[in-house]
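Down below is the structure, laid out as structure tokens.
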């Protein structure tokens, strides 16, 4: 789904500082007036309790919760009561009241509310899904899978939610369609089987919802939730397009799966108490897959509402797919790094929407655009740089009111990308009387091109072309240009490439766990849209569309959610970790010519810190041969390896667990499908020579195919010696497990700070591949 771009540069800095950041770099499509928050000295808190420590004077947890609140506040009431993501509740308290409550018996933690802001016709063919869908449908179980989507709600009237051909709703489903403004049970069917909304945290922060501007119901007023849900599991719709662009049959990844939406995000953001309530209800309803294009900064897992909630979902055998974030191309900009999550970055597909600018000197440059209005003049017209026709110090960004109309009227204006939404820049130019706009990439965005449906003739150009264009404008006494538009082009190569905005590793919170896990299509994706706003999301945009084309890791996340639903329907016995492993170990990292996938930002080969295991390949994932499985017990051992106390483990896992003093716990032994190996360069030095540093990792593979013998191969890093023992694993039966160790030895630091290698097990038919990322600090 398309995303708001306000503060693109700032979001990178926020990520670097590990503050709350936007997952949807392009998400600011609504021009929402900032509402001044008046807490009356109170804020929302999520209260985590130990249910086994309830005082004996109570026989009901709700009575205990209420009594605890009354002991510290005369007016506080419960907003939500949680049953699955936590034992506890949320409420409004002053700082002093929260401190007093935290000291009461049975209260584990009092965590302040966090506000999160949100992070297709061609992708099924690009992913080779026709063959996969045939195989999956043959199993007859895809329609038993329910994909839950936590987002901005749903626009149920779309054809993408048509339930034609679907059988009865699975008997295990316990969800429902809640009533609210312009929404009720009649809006649901055998496709859209559930729709709920959660607004108590939002209203506690902002006051009652203004129902003249947004619906207090599951209805989607933004478009983001409709786009993500139809990407994951929308029904097939013939003749879909956006103004004729990307014309074809639009279908979600899992067309036969059911959809349940949980509206936890509003025009003012997504609040952690609402998110926790949404996850809690999704677990109770019985979803099989949970798709969340939401996230924020990095914090310890036991303090992270999303990590805690999704751990509970994983414990209920629900695979949770999350967007990696849109903090790229900055390094270490990831969100959602918990090892029980499937963290998804973004890549391009082989479809583009070319547009052209021809300068007065005869030279022509190619960009992208989804403009479909009145065509500009065929003859050249004057072109100016916004910074030269503005009275504002940052006038080059084309912010509201920054352009001088007398200097802009009838001309094409070059606006620098960043600072405010791309489509908003076009509106600023149009309002000042400009005839067209060229969006010029800076170094922050490189050659990344994201198409938009502008309200005036406009084209986005990469950094190199933009620099040449500006040089021409600055040096020519009478610079001119003309714009033209090329429609839809297929077969664009190379593809995929890693999107510049896609967040990158390394994983600062847990450096020995490689993230992101993989990438999927996330640039210029066509999917369903709300009827409440136009494709740009701006109030000035009165156009109404059933489908929209947008970009972000919010788009790549539901692709993987839908593919996970296909795998769940085909292999219902597989755990969330097994499904993630199948998707990761079968991903590809090279083009057909053998070259490594590229990073669009640099034009150079990408690395596992950019694409994780590689680009998802659903056809191969259907039959992975072997998987790296993991259970809740493995994650409990992971917490012990992080030196978590029993108290901290209980906050995440909602259970009593004490790390054994007799057992050595190591993050290196978490059964993950990839390897991240950080080395400390403080080598011991004797006689001027460095002492080699060796670390050993352990993994266990489970056979999910026919009996076979697998042999290992390793692409060696020049800086690290890699030894695998044993080098052969023989599996005689289904679900048989075999373990191996990998020893990595580094004798010196390489010229750079990172190095990469790959480990692969193969029986001649299957290739079970794992990336290895080395770093030196």
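Cβ atoms here come from the backbone N, Cα and C positions, even for glycine.
Region 'Disordered' is the annotation TrEMBL gives to one range among 209-231, 232-254, 255-277, and that range is 209-231.
Looking just at the domain 'Subtilisin-like protease fibronectin type-III' (669-773), the mean pLDDT is 91.
Sorting the domain 'PA' (383-467) by DSSP state (H, G, I as helix; E, B as strand; all else coil) yields 25 helix, 19 strand, 41 coil.
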